[in-house]
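Here the structure comes first, spelled out in structure tokens, and everything after it is commentary.
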């Protein structure tokens, strides 16, 4: 393929400008994800073809606010664009993506990109959102003043990048650099950049006064040091109330469906290993996890809505002082909030934290945020032991769930404070954040985000959880008990022997041998603990009807309240899944930090569960 038939592109832009959504739309599944050589910054490369047949290789560079790099992400973006990054070819064309609803902030970086002197295209993204807000962008004036091609895009629409591809297709492989440039040295002068940005806005952008006044009015309340914190606490509290109140009917329906499927399968097939594998292993195990999908999706729906609305950076600003006193910064808020979904993207999001000590502290406490994999365990135990009743206007089960999440957050602040005192760090770092305009989340975007997360969850159910469930069923079924043996067959299996051996260590926590077995596959994925318990208890009974009975009544009858409380506390601090530990290794480059993370979390989990169980027993809950 000749040079005229191919072109190398680089996508750049401020964080949250829709750059990655545009990359995904252009490349589809034709992309590779790796790390840049020598650093932990993610490298995403893809390819696509234009209608003319020309091939494009495209890099999705990390989000950056400026080429005056304040983080590792920004340094990589700057060096790749300039062609200075070792082993990385310079791009032929730089596509700078800006948010049409927030050009006041995004055009400044676009001016820095233009001053590189490379061929450039400005993609004005989120044009649909700008139109809904009454923002008018004169694209022709912007193109004339900048001296570069300017095209509108809507990254979340199927054909939202058509004009961008057409403009790229019309550029030659020897595209010319921008015609207009600032005077020499002006790009290094912040005041000159601001002045040029204001000039461009005056010529090309019309912003309704109502939009700005609404933002200011909301910020007066939501950024207030007292009312703002109260609003944030109220939002978080209502989220956890909704997780129970709204999800219960859907969860009950899924539970009834899996129970009926298990009963039908048990009656339709002859007794034997296949029947046991399907009913006691796969249906009991996977059904015990899928039943919590509604609660997980409701939690994600709120997080996505807060993210789309522009509220999250404001929450980070509100919490900056509190987090700074605990050895973190406001920038840690978004990685920690991401960890409520999963610790892995939360840990990866710490790359935007400039100070290496703040970044390490955030990585070490991110696993204490209650990830969605813990939610099935919490929901199971709360549903089994906490009455489904109201306390005033609030659901008691939702109150307990809120308390568990708060316990994780409080513990993270305490651990980071101890780390700060340990390293004797008295430095303070100013927090600088972009506060985007408020926007009403688009239902289509929320539905797409929920579908993606549901699909990820179901893939885990059909992948690692299914594999571990089948493996556990095998370990819990073989070897078969000898003739004349008394008691459940699982007592004679490999899993039974392992579980009974582990009780010597975990008996002070109130854990029986079934719980001990569930802890092992839970190291691979926490939600597997629920499917493991379902499988173990299905194989621990001799009555066919009891074998397919719901798990909640089984454990509510067989466990004490002290044991349930101990297990809940264990999962607040439980050592991380293998994938999270691998991510910590990749981000820190140190096995020592992996060992410290796993060690302190196991120690906290054991100590807290031990104290909880012993106190509960002393109070008569044993």
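Using the three backbone atoms N, Cα and C, a Cβ is placed for every residue, glycine included.
As stated in TrEMBL, the feature transmembrane segment covers range 226-247 out of the listed 182-203, 204-225, 226-247. Checking the ranges 134-155, 156-177, 398-419 against TrEMBL, the transmembrane segment annotation falls on 398-419. Within the listed segments 253-271, 424-442, 481-499, 500-518, TrEMBL records transmembrane segment for the stretch 253-271. Under the DSSP three-state reduction, residue 126 (GTP binding site) is assigned to coil, being neither helix nor strand. Within its own chain, the transmembrane segment (226-247) has Cβ neighbours under 8 Å at 294-295, 298-299, 302, 306, 314-315, 318-319, 375, 382, 394-395, 397-399, 401-402, 405, counting only residues six or more beyond its boundaries. For the transmembrane segment (360-386), the neighbouring stretch richest in Cβ pairs under 8 Å, chosen from 253-271, 326-348, 398-419, 594-616, is 326-348. Residues near residue 27 (Mg(2+) binding site) in space but far in sequence (CB under 8 A, at least 6 apart, same chain), listed by position: 46, 47, 48, 58. Looking at residue 28 (Mg(2+) binding site) and residue 13 (GTP binding site), their Cα atoms lie 20 Å from each other. A strand conformation is recorded for residue 13 (GTP binding site) in the three-state DSSP classification. Below 8 angstroms of C-beta separation, residues 363-364, 367-368, 411, 415, 508-510, 560-563, 565-567, 569-576, 581, 584-585, 588, 622 of the same chain, each at least six residues beyond the ends of the transmembrane segment (594-616), sit close to that stretch. In the structure shown, across all protein chains, 62 is the one of the binding-site residues 28, 62 with the greatest number of other Cβ atoms within 10 Å.
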